[in-house]
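Summarising the annotation, TrEMBL assigns domain 'Tr-type G' to 65-342. The GTP binding site annotation in TrEMBL covers 74-81, 141-145, 195-198.
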């Protein structure tokens with residue numbers, strides 16, 4: 001009886017406990033299930049996001065790999081603009097070929113200024129873009145005259161590759177050397193194109209040897225011409241060992257055939273020469289070459305690409321742009337051998353870390369970094385050309401000018417086709433675009449505000465010639481000033497100053513043609529007739545060897561006199577020195593009190609403004625002060641300044 005009562009009590013307690021615990025167990029089970037579902041959902045979401053990011057990156061990478069930014073540079077009349085005209089025609093950007101000088105009343109597409117068409121020269125660099133075999137190619141056609149060298153300078157600053165055009169008759173000329181030096185300065189990989197093989201006296205092998213000797217190119221031909229001058233018929237491709245002929249009214253039909261028997265031996269010899277030259281700078285090809293294995297075209301092409309991008313080799317193409325021969329293989333060479341934006345190392349300076357060098361990824365996923373490299377005054381205000389190095393820029397975005405700290409909005413974003421514009425909504429890393437309504441200077445860097453990076457500026461040469469100009473009519477003074485201000489902003493090598501003695505306006509530039517063009521543009525664009533004085537060349541004097549000086553300036557005329565003695569030497573600075581005048585104080589002890597040293601430096605600087613030969617400034621000199629003497633009463637800043645001036649004059653005449 002007692003046992004049954006106890007067992008029933010136990011059953012009751014168990015039932016009560018289990019009923020009270022069940023809701024908690026159910027809720028905890030439901031919580032675990034919900035948590036598990038959320039975790040699965042989060043994992044699926046993050047995986048989808050990661051997959052989307054990878055797909056986007058793959059798309060950007062493929063887009064950038066199929067992009068080329070190239071410049072076409074050369075000496076005057078080597079055929080740069082004619083070559084660009086053919087490139088635009090074969091890529092479908094233009095539907096008719098027009099010649100330079102506008103003989104047919106139209107003129108070449110890239111020479112959009114009336115002055116360019118009249119004179120048959122390129123004055124301003126012009127940008128365009130085209131498509132070739134699913135690749136996007138941005139092209140900048142640059143001037144050949146040394147007077148417009150800044151146009152070449154700023155184009156090469158932002159390009160990833162270049163085509164150096166050489167004339168098969170003229171060969172390597174003065175401006176070819178200048179342009180090649182600029183390409184080296186900005187570390188631009190390049191191809192060479194020997195043009196005008198149809199001309200009388202054409203000799204591509206002579207030009208190739210000149211490129212090796214005068215330009216120090218490690219180069220070899222990748223093509224052999226089939227005939228020369230009037231017999232120029234086509235080209236042999238030394239990589240694939242096939243002959244290319246150009247048929248049709250404009251050379252648009254390419255016929256590929258076997259190599260003619262009469263030049264097969266020459267082609268084999270030149271192919272071996274090409275393989276040898278590339279093997280010297282590419283280890284992978286060198287192994288195959290030394291083991292006497294046959295080199296397949298794909299391996300040779302890969303080796304040429306690696307060597308060209310590393311700037312160890314310059315492949316040489318040939319043709320005649322005017323006769324429509326050899327342009328399409330050159331375009332293939334641009335795609336095959338020149339780098340895409342991600343294969344070029346671009347660096348910025350981080351302003352928050354004391355200008356520490358930062359390598360840019362070149363990816364559109366990074367923060368925006370863009371360089372304003374060229375300005376033009378257009379119909380709709382200032383047109384600013386931008387090279388985007390990283391990130392994405394969209395129409396309507398706010399961007400920050402790192403150099404001024406100003407935040408500006410992009411009202412209009414365009415792609416340039418010579419003087420025509422195509423509105424676009426956005427542009428990404430690697431592209432060259434233009435924006436309207438953004439007030440800035442050439443060389444300014446723009447970011448999205450998340451970083452404070454600046455790109456290194458381009459090299460701007462000093463003006464070499466000056467002219468005195470004045471407006472004929474007093475009423476046109478406003479337009480005269482407006483024109484000079486605009487030209488100065490557009491062109492860093494064009495300077496405007498005032499002669500302190502005569503009060504005349506002095507314009508300075510890179511040569512007589514450079515200044516004549518601006519005077520003519522003033523007349524045409526601003527309706528200002530200007531009178532021009534005689535050209536004055538901005539000569540500079542220098543010294544060739546070290547010379548000692550020891551000069552005592554002593555003057556006594558009642559009361560406090562003047563006393564100062566300076567001893568030291570003057571020597572030329574080493575070539576390529578960044579400074580043009582150096583003063584070094586090497587005094588030991590108190591022979592000259594330290595408070596007089598700045599006056600001595602000032603005296604030497606003042607004396608260097610006028611040399612002893614023709615009165616022009618003296619440059620590339622180092623002045624070292626190592627001894628002297630002072631008087632306790634008669635020495636003064638003026639006395640030591642005069643001592644320095646007379647010592648400098650004495651040493652120049654010695």
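Using N, Cα and C of the backbone, Cβ positions are placed for all residues, glycine too.
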Cβ-based isolation winner (fewest other Cβ atoms within 10 Å) among the binding-site residues 80, 145: 145
Packing count at residue 142 (GTP binding site) (other Cβ atoms within 10 Å of its Cβ): 28
Cβ atoms near residue 197 (GTP binding site) (within 10 Å, other residues, all chains): 26
Densest Cβ neighbourhood among 74, 77 (binding-site residues), 10 Å radius: 74
Per-residue pLDDT averaged over the domain 'Tr-type G' (65-342), given as an integer: 87
